[in-house]
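If you look up Swiss-Prot, you'll see 195 marked as active site, proton donor, on the strength of similarity to another entry. Annotation comment: Swiss-Prot describes 295 as active site, nucleophile, evidence class similarity to another entry. Sequence annotations record features per position, and here Swiss-Prot assigns substrate binding site to 132, 200, 270, 429, 430 based on similarity to another entry. According to Swiss-Prot, the domain 'GH26' annotation covers 41-353. The annotation signal peptide is assigned in Swiss-Prot to 1-26.
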């Protein structure tokens, strides 16, 4: 129920309100055995960390957000998420679909979003990829909503057939993109052929809630063919395979390719009542794999008024084996509905900067302010500072504080340094402001560094941040020259013209990764 799906909202759905039984995962699942024994160590570490999240008391469900489709920027959705919630999602998603019609069906596959995924990964996040695959029953165009007849579906695994050749060419195009990510050290939560129990994609059912075993077998064969080709021929050892049917249709496990071909089981859910999915959840976790909500959002009729806090409450109360969720974009997105702050700031939720799977590039703390200002200074202050303060902190009990006068002004907190940061890819600083004063349309801030003998200015994107809430600002250091000679690190704050009075700005927990 996305990609602008015009599927009618169906309420002919049986609600299950039974008490959730206690279901535990086997030792194999807890031991996080990937389907691919040759998976690289980073991928094994990510999977093991995800699989064991339900054993924690807090910070146990990774947040995610769909960023968009290839050949379109994903930056705006990251900006919206951070401005509204003060957090960056732990997982960023892209779909390898190209919306522009191409002359050959395989060219509808595009991995133009890879660089943004690489950047997000280097900044401490995880990535997931879906593919709204074009229809191999056609030579050109996408036709992804046109059902492929079962007889043609069965031809896919015979690469000598017309459909099989097109299928193989599409696999090659996807594999090229996934291989580029592998070469950049990126592990991918790979989610192909999703919502197969629905009737809206070519690989799905032929009618509403229809099930045909022959067609299901064709689906399973196609999945396994893709898996074998990617894993054994293309040597893609960076993939975690995600199987995700839709909650609105039956037969959620009837298309399951098998434990040797799947690593995570998930549900795509655009249901008005997230608490009523117990039956589907129980069926999925009975497959003995880590569980996720691979897509969440409101039904079409509730887009714009849906309360996303219902999802995190439902996860906590009814679906405790959930290891991640992924909110969709556009009118289904948290920032176009209600409850975004509650969703991303719950104590159970893991956001970017909090992911710790034993990666080789953990965050290194440059500055905290538990004892003193550490020689940080500021400018454009008319009301004093900086000092240390316990009024707000991102880590520990103290932060750096300065009092400022609002009204179309800018301010800087900075540290003059002589540092070599050439071995790092990302710099992050957490900020906030006090609750007093009228900030008008909202304050913004960005991280900056000055490098080289000319003190060259380099800055991240401006981001709006809220009072008494933590917002993580960052700058991509891979785009900064002379990192061996960093002269200054700091944050530039701006108050809008329609602000007035006085407030305090804060800064804390300066880290590099």
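The backbone N, Cα and C atoms fix where each Cβ goes, and this holds for glycine too.
Structural mapping of features recorded in Swiss-Prot.
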{"residue": "132", "record": "substrate binding site", "DSSP class": "coil"}
{"residue": "195", "record": "active site, proton donor", "DSSP class": "coil"}
{"residue": "200", "record": "substrate binding site", "DSSP class": "coil"}
{"residue": "270", "record": "substrate binding site", "DSSP class": "coil"}
{"residue": "295", "record": "active site, nucleophile", "DSSP class": "strand"}
{"residue": "429", "record": "substrate binding site", "DSSP class": "strand"}
Spatially speaking, which of the recorded positions 132, 195, 200, 270 is closest to residue 295 (active site, nucleophile)? Use C-alpha to C-alpha, please. 270
Averaged over the domain 'GH26' (41-353), the pLDDT of the predicted model comes to 94
Between the Cα atoms of residue 270 (substrate binding site) and residue 195 (active site, proton donor), what distance do you get, rounded to the nearest Å? 12
What is the number of other Cβ atoms found within 10 Å of the Cβ of residue 200 (substrate binding site)? 18
